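What follows is one structure encoded as structure tokens, with my remarks underneath.
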Amino acid sequence: MGTPEFPDLGKHCSVDYCKQIDFLPFTCDRCLQVFCLDHRSYMKHDCPKGNRGDVTVVICPLCAKGVRLNPDEDPNITWEKHVNTDCDPSNYEKTVKKKKCPVPRCRELLTFSNTIKCRDCCIDHCLKHRFGPDHTCSGPKKTESSFSFMGFLSSNSKEAPPPTSSSSSWSSLFSRLGNDISQSFQFASGDDGSSEKTQERNGKQNRGKVTVDVCPKCSRGFRDPKDLLKHIDKDHRGTSKA
């Protein structure tokens, strides 16, 4: 086998009736035997371990679930395990029976691409009946709050008087502003006149009164401060208690 230069080159096929020498042989990954080009597949050389990597799934007619068969186990045993543990007949309708549009006389099947949920009633419909008037939508559900203060607020809102129109409110506001401004002007003018009158009265009273400055040494009175200074310089030689 091989050549003088390469004595280990090439191998014979493992099939009994073939035994062909192949310089590029194939090794089976299941039975680990060498085969030629014609017998390299599992079916051609009847590989005893060729079906171990295959995946066989059987759909259960009771629950519509897939049951995977183990190559090293009897299919009847695998089936009994599934029926005793995982089989749920209630899942059959959910899987097989497809959802349809709830609108009467509409036979459209609801799939991923043609299903739209209504925002008001939260029910799935087809594209044709996606709007509220098309499927007679009942509207959004009213949520009843369990808090007591919410009822109190609603009762207060009912007892409150109806709001006045915007035009009447603006007119009343402007009338109040006008009254306030007129009163403020009247008050300011009245204050100015009274202040002038009080100043005149104080001036007249001050004119009638005569102030007298008393000498701290001899207790002599002087109407004019200049006379008091002259008296201190002359009689007391410029000394005073102040």
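Using the three backbone atoms N, Cα and C, a Cβ is placed for every residue, glycine included.
Pulled from TrEMBL, these are the features on record:
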- 7-55: domain 'AN1-type' (DOMAIN)
- 95-145: domain 'AN1-type' (DOMAIN)
- 185-242: region 'Disordered' (REGION)
- 194-203: compositional bias 'Basic and acidic residues' (COMPBIAS)
- 213-241: domain 'C2H2-type' (DOMAIN)
- 221-242: compositional bias 'Basic and acidic residues' (COMPBIAS)
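For the domain 'C2H2-type' (213-241), the DSSP counts in helix, strand and coil order read 11 helix, 4 strand, 14 coil.
DSSP places the residues of the domain 'AN1-type' (95-145) in helix, strand and coil in these numbers: 5 helix, 6 strand, 40 coil.
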